[in-house]
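Chemist: OK, TrEMBL features for this one:
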type	residues	note
DOMAIN	B:23-148	domain 'Acyl-coenzyme A oxidase N-terminal'
BINDING	B:THR155, B:GLY194	FAD binding site
DOMAIN	B:293-454	domain 'Acyl-CoA oxidase C-alpha1'
ACT_SITE	B:GLU439	active site, proton acceptor
DOMAIN	B:489-669	domain 'Acyl-CoA oxidase C-terminal'
Protein chains: 2
Amino acid sequence: MPIKLKGEVNPDLNNERKKCSFNVEEMARWYHGGEKKLAEKRQRETLFLDDPDLQDDIPTSYMSHKEIYEYGVGKACKIFTKIRALQEEGKGGVDNFMAILGGMLGSGVLKEGNPMAVHFVMFLPTILGQGTTEQQVEWLGRAWSMNILGTYAQTELGHGTFIRGLETTATYDPKTEEFILNSPTITSYKWWPGGLGHTSNYAIVVAQLYTKGQCHGIHPFIVQLRDEETWAPIKGKSVEIGEIGPKLGMKGVNNGFLGFDNVRIPRKNMLMKNAKVLEDGTYIKAPSSVLTYGTMMFVRVVIIRDMANYLSKAVTIATRYSAVRRQSPIDPAKPEVQVIDHVTQQYKVFPNIAKVIIFQLTADYIWNLYNQVTSELDKGQLERLPELHAISCCLKAVITQDASNGVEQLRMACGGHGYMEASNLPNTYGMVTAACTYEGENTILLLQTARYLMKSWSQALVGDALVPTVEYLRDAIKKRSNKWDPSITGIIKALQLVAANKIRLAYEHVENRKKLGYSHEDATNLSSIELAQSADAHCRAFLVQSAYEMTRDLESTVSTSLATVLRQFIELYAVETCMKYIGDLFRFSGLTEDGVQELQQRLEDLLTKIRPNAVGFVDGFDIPDKILSSALGAYDGNVYERLFLEAKKSPLNQDPIPKAFELHMKPFMRSNL
Amino acid sequence: MPIKLKGEVNPDLNNERKKCSFNVEEMARWYHGGEKKLAEKRQRETLFLDDPDLQDDIPTSYMSHKEIYEYGVGKACKIFTKIRALQEEGKGGVDNFMAILGGMLGSGVLKEGNPMAVHFVMFLPTILGQGTTEQQVEWLGRAWSMNILGTYAQTELGHGTFIRGLETTATYDPKTEEFILNSPTITSYKWWPGGLGHTSNYAIVVAQLYTKGQCHGIHPFIVQLRDEETWAPIKGKSVEIGEIGPKLGMKGVNNGFLGFDNVRIPRKNMLMKNAKVLEDGTYIKAPSSVLTYGTMMFVRVVIIRDMANYLSKAVTIATRYSAVRRQSPIDPAKPEVQVIDHVTQQYKVFPNIAKVIIFQLTADYIWNLYNQVTSELDKGQLERLPELHAISCCLKAVITQDASNGVEQLRMACGGHGYMEASNLPNTYGMVTAACTYEGENTILLLQTARYLMKSWSQALVGDALVPTVEYLRDAIKKRSNKWDPSITGIIKALQLVAANKIRLAYEHVENRKKLGYSHEDATNLSSIELAQSADAHCRAFLVQSAYEMTRDLESTVSTSLATVLRQFIELYAVETCMKYIGDLFRFSGLTEDGVQELQQRLEDLLTKIRPNAVGFVDGFDIPDKILSSALGAYDGNVYERLFLEAKKSPLNQDPIPKAFELHMKPFMRSNL
């Protein structure tokens, strides 16, 4: 049977789209921030995705580790060449870079990640943020033009989230006015930086600064790694450099290792916008450590958006496939139904659609908050910085974990076919789960938020003023429980009560342990399960609340038909959150057995209401087929034809008789005849 | 720095092992079923793992899809040649096959799966179980000697767990006394069978049997796929055959597709031990459908053991790494501590150690039950068969899901390094998560158990006798709630009360919907979230109970010191189960706020008690380094050296300057100078 695409949309998907009660184009406009932004997005997608020079003949999943790298570098060079050319024509500037490096278009053109991404995401911004004007003049031009390629080398083989523990040393030698870089132990080798393996000739290296015999903690230095002409690693007293090997995902990123043996760099290569080392080795402290918060906050907002993006891909794939796939009749006397008609399937898929909306709204909310706080910063007001830091820590932890779990749940909701690379779900999981450990391991981040919450609780206890995100603690001190109120605002209050009580319990248990003679630190460690859970609860309440607040005026910006559906998803998220925290709600919010059964009924009703709009709604995420890269998720729903066409690309399918037959099987099968 | 292994055990691991309060060798004996079995296991491991012909120069994770296949076939041939030779020497027979095909030794010698496994696991057993004596005589000898290689082709592109929906047809032609096989649609193509792509020349094909114009449902047929001499696919009116492409895991299994265009096979190729087709096309029904249950039950027990095996690998890796890795001080004034000293880490790792024990005990329990039921079967007693089927469905679903989640949790507990293939955790996840969808998709299995539970509940309502696994429903009808009792037997009772009440609610909600006018089928679908959850709850109670019962006489078989630790893990499992079902326990078991806080305290106390024994305990799983295949998990704990040595194997690290520099980067970086 010669398999080919029929060029028609699967009739099941056509039917689904006819059922849709709102305007999909309006949804796309709303989701992408308005008509203009949507048009720009689409234009950019056409520009890159339809470029004949940027098409892939064979999926990376057929390639070896080395081939994936070579393909990735080649394609990255083509892409950046194109962006340069566009810039020269005056067509788009930074926007193109942002899109190509970001989770959506970027993941469409380079599914295994971009080996040059760290150059733009970390190398350039660090010089911009921490370099002096002279240093910016010296480095930025060449870096921006990509005449040099840089990476950001912080993490070490033995040291991750706890950066004070880094071991690489940069010792100032006033005689030559140089820093001498060393990797004193195996655990001090840099390990993980993207593009470090073979794709960078410079790095920002974060090292412990020693001058006049004293350690001043970690500082950033620009270090050359490879010759600009020959690309050979720096020789002599040298760097040892290579790539760290294959990973679960991000296989094209060329993560590398780096060790120093007395490598000398000029004094001016220390980034000195903040702290300084003078010619004679005198160390001058940075005026404030506040400045570095900005980049971290920005990166966290980007991560939250990325999570929404990846989850939107996975849920578009799973929703469409669930509408096409037929499996098991509901009534044994009738044919197999669309999988999406099984309520258990709806329960796997629809809450993940809701999460995409919630994460996007939260990203917007926190972005607004960030801008508000930085504008206050400019006026010298630092009050809200710790608050912003605390909420961003738990948001990063909770959202990356939920997105990661969501993508896997959706993959499994696609049954066996979800296990195939052709579904693009394994690849998507590889990208999204990485975020659970990078930029701060999630449990450590929750504990950072918890530390803030403990302080807030103690302030609440003595009646101090509280900042907005923890203001709810004040009420909780007065009134530990409540009458269950199932409205959205009631649910927000209930989740806040849960958070407050979990914060209180964690606080009390730390204090009790201190009374038993434990140090504050040991007491905190012994109570850390409850501490992490209190931060999680705080975050859950915040997520429902921020989504609710961001959509309060929804009806003034979108049609009633769209607003209705959006509100259904927000309600679904709130109800599903309750279902997951039934125990805590029972303990602290006055929830009763009747309340639980009402929630269950409401959950089921919402799934039924959402059912006819599900396909239309994910269509509204407006993700082109070339970004979805999924046989199961394409707009036309020709799932089986596409699976077949992907399999036909297999190098193993090019020969009817495998090489392994003559080589291995034939001799083996006959050796005992 | 020239990196090499020091040949010494990491001092942190040495300290851990000194702390151990029980005899690790005794634990290994207990875990592996006694001294004799342990010795045999070790002997077999030495035989295969230390064989110089079976060593891998380069990890499969560096290879391309095609290379992984060719490597896999080559190694499988070597391994089976060796087993044959051992057989001829009289050294081991079926045991070697079982071990090599199983999850433990098998995963050590062929990390990406064995492309010939289905030949032994499905092809041979099906002929044995469903072939007539004549058919066994004709096929078994050649198959057992591997002069032919077979697979089992059931699943189709459009049809998985619901096997009645299969579309492949086998139409009997009495004129020639042949069956004509056809794949009438794209969705009818066989898709997924292991080894089907290029590694088999025969298949058991499951097809809808048509004779005299009537369909008699699905039956198994032996079909030749490739020429025995040339390995060329059967020509003419032909088969279309190939492999389905890359997957999340099991990359060496060579899953294939297969389509038929009027392929004729002789009548005698239908496996006719049960149903028959006579020369003239007369169809004779099978006397009983009970016979096929046996294989399915056996496979499920194997899956449960596999899950315990994979989880034991992951948890050995994570426990040892947590003892070596140092990250974040507890007291900021002191150095970074072993990660295992962070209580949040203990909470990620130790409950997964407990799950290994619970799953093993449950596998033994269900294996005993299976043997009891089959011996009853032989006496014509079929009463317990549906019960066994029901409990095996939910156990398969719950245990594969928990093992899968456990492996991922452990991978993330190893931070960034867990993301590396060198940890062997991504590979382990790829193997373990596949079990969530194969051999029955998990949600469908839970709903099958739920159907049984609904019937049991209605029997309980009218006072009918109940079989042992649902006997608890009788009490629950009389008394819906209880006073909270935190002993293990109290916890089992509480979990049973939870299950009974969830079963009751699901039952009532189905009935209510029927009263509202829904058909039984629609009412069941609309209530299916609660139905699936009721099966889950039933299974949770069973898991704690079976582990408890299997260890009731523990002290009579092992020393007190070992029994103490084993009981701690079983208690930890019970308490952790409670913590995850707090809401349900509040609703149905009389749990109070004080009870929750006591459970939390008990959980934390158990973690503290287990802490000094953790490394020793996983040592007792007795998994050789070559099976762990993990830089993070090796017995000597030289984590960083091993990570480095793995990275050095990268083909990209063999050249200081990557090919991509001259080819792509250099022209690009200079094009705008």
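The backbone N, Cα and C atoms fix where each Cβ goes, glycine too.
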Chemist: Compute the C-alpha separation of B:THR155 (FAD binding site) from B:GLU439 (active site, proton acceptor), stating it in Å without decimals.
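Modeler: So the alpha carbons of B:THR155 (FAD binding site) and B:GLU439 (active site, proton acceptor) sit roughly 10 Å from each other.
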Chemist: Over all shown protein chains, what is the count of other CB atoms within 10 A of the CB belonging to the residue listed as 'active site, proton acceptor'?
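Modeler: I count 17 other Cβ atoms within 10 Å of it.
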Chemist: Which residues in the same chain, at least 6 apart in sequence, have a Cβ under 8 Å from the Cβ of B:GLY194 (FAD binding site)?
Modeler: B:GLY113, B:PRO115, B:ALA117, B:VAL118, B:THR151, B:MET250, B:VAL253, B:ASN254, B:ASN255
Chemist: Cβ within less than 8 Å of a chain A Cβ is the test here; which of the recorded positions B:THR155, B:GLY194, B:GLU439 meet it?
Modeler: B:THR155
Chemist: By DSSP, what is the split of the domain 'Acyl-coenzyme A oxidase N-terminal' (B:23-148) into helix, strand and coil residues?
Modeler: 92 helix, 0 strand, 34 coil
Chemist: Across the whole of the domain 'Acyl-CoA oxidase C-terminal' (B:489-669), what does the mean pLDDT come to? Round it, please.
Modeler: 97
Chemist: Taking the Cβ of B:THR155 (FAD binding site) as centre, how many other Cβ atoms lie within 10 Å?
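Modeler: Taking every protein chain into account, the count is 19.
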